[in-house]
Amino acid sequence: DQFDNLDKHTQWGIDFLEKYAKFVKERIEIEQNYAKQLRNLVKKYCPKRSPKDEEPRFTSCIAFFNILNELNDYAGQREVVAEEMGHRVYGELMRYSHDLKTERKMHLQEGRKAQQYLDMCWKQMDNSKKKFERECREAEKAQQSYERLDNDTNATKADVEKAKQQLNLRTHMADENKNEYAAQLQNFNGEQHKHYYIVIPQIYKQLQEMDERRTIKLSECYKGFADSERKVIPIISKCLEGMILAAKSVDEHRDSQLVIDCFKSGFEPPGDFPFEDYSQNIYRTISDGTISTPKQEGMRIDSKTTVGKAKGKLWLFGKKPKPQSPPLTPTSLYTSSTPNGSQYPIFSIEPVHYCMSDIKTGKPRIPSFRSLKRGYFYLQGPALEDFSHLPPEQRRKKLQQRIDELNRELQKETDQKDALIKMKDVYEKNPQMGDPGSLQPKLTETMSNMDRLRMEIHKNEAWLSEVEGKVAARSDRRHSSDINHLVTQGRESPEGSYTDDANQEVRGPPQQHAHPNEFDDEFEDDDPLPAIGHCKAIYPFDGHNEGTLAMKEGEVLYIIEEDKGDGWTRARRHNGEEGYVPTSYIDVTLEKNSKGA
């Protein structure tokens, strides 16, 4: 008897199903928007395609780009979640909702039809009942009329007979209506019993099963909703692990070494400024017991200034010095005696005049570290083909990279030439496959490209040999300078050693004026690499390979260049011999202040 309430309940169930479907749809939109925003974020911060030279090399940058790749994969998994939810949950819910509405409509129509049929049976029974009741009343009236006429002495026999016939007719009709009413009543009771015990319970059972299936379907969708997320958790975990591994791959020492390799110029730091003696005029007026200044204009060397350092201070590429104190030149060094017997170095300005005349006619020299530091060479114009606008170390790297690229291009052209030759042979053997003469222009072009590439490689190798030759010559000059270097009481002097007493200075042999070409070579020379620490050999090393330095166990060497990440450290013996030794074979101790070590 709760047909209307069940109608409302089943409608509420379908509405709730559609409400959950709407929730899933909005969740899918959130996942799709989230994935889209993540991809846009990755695209925004991913590096644009750049030349090979500009590719990220620092471990921190590489780790960040790996994290971006993992985040892009993570966004892809969010899209997978959205797709799985849309196919497995939302799509299934919408299809089931449509089927559920159709089934509910059918069951409700069957229930309404059963109710309408029962109502019709009740109306038929009620009509027969009313008709039977009416006929009974008519029969009673006919009976009363007959009895009244039969007892009336004044009534005729015909009136009595007529009343009797009317009574019999009404009685017969009442009996017929009674039988019809009984039949309709029996039929209604049967249909009513069937309605409440068979038809309606069956319809309600179908509605119940339908509602239970709806509930089960919701439960399955709830599970599918969670499974869609759980399926991608392993892949998302791998993405997160990839991010963690990228974070662990950051190496601050390697990044620092990359910065060093990137900006290493190959020049030596500038030496000390020479001592400019402004007291020369004073010496001329002092008594004979003091040191007098020679007539020839000159100046005294600073006690800590070496010949090699002074040579790098010429004013050819730097700021022109004052006229009264000409720059120190190794070719103008000689000694002069004073009245008290002391000797001081005197420097002539004649080589400087030569340098001035030579710079007007000769080729430009390699700039000094100071002029490079001031940006002298970077302001000369656009980048040159031989990279001569770069420092030596950077120039060597650029040339090596270009040679490698040219070799790769040459290999491609060689492979193409071989393929063309093979194809030409095939065409010659089988003319129906093609014309061999059609390949000749391409073959000629390939051969021309190969010749051009070989010339480029030869030219760049010549430039590379020039750079490496200068580095080797500089190393040899450092070696010879280190052998002839004199050290007394831990203090250096280009002419010799000295003590606290100026009268006990030991002079070196006077230097004669050198040939102008020798002067140029010496001007381009650099100082020996200073020692930045010392090391002790833990294991013996044979040093058979070229450029290596043999050592014995327990031997102490000077460190002049640290390990750059390749496992080799540059060291020097006391006799000036230099070479590379394995870093793992030595115990290194670096000095905080390596100057003069």
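Counting begins at 1 with the first residue displayed.
Note: Cβ is positioned from N, Cα and C throughout, glycine not excepted.
Per TrEMBL, the features are:
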COILED    122-166  coiled coil
COILED    396-430  coiled coil
COMPBIAS  472-482  compositional bias 'Basic and acidic residues'
COMPBIAS  519-528  compositional bias 'Acidic residues'
DOMAIN    1-255  domain 'F-BAR'
DOMAIN    389-466  domain 'REM-1'
DOMAIN    530-591  domain 'SH3'
REGION    472-531  region 'Disordered'
Near the coiled coil (396-430), which residues from the same chain, at least 6 beyond its ends, have a CB less than 8 A from one of its CBs? 53, 261, 266, 386-387, 390, 436, 439-440, 442-443, 446-447, 449-450, 453-454, 456-457, 460-461, 463-464, 467-468, 471
Go ahead and report the DSSP secondary structure tallies for the domain 'SH3' (530-591): helix first, then strand, then coil. 3 helix, 29 strand, 30 coil
For the domain 'REM-1' (389-466), give the DSSP counts of helix residues, strand residues and coil residues. 72 helix, 0 strand, 6 coil
Compute the average pLDDT of the predicted model within the domain 'SH3' (530-591). 88
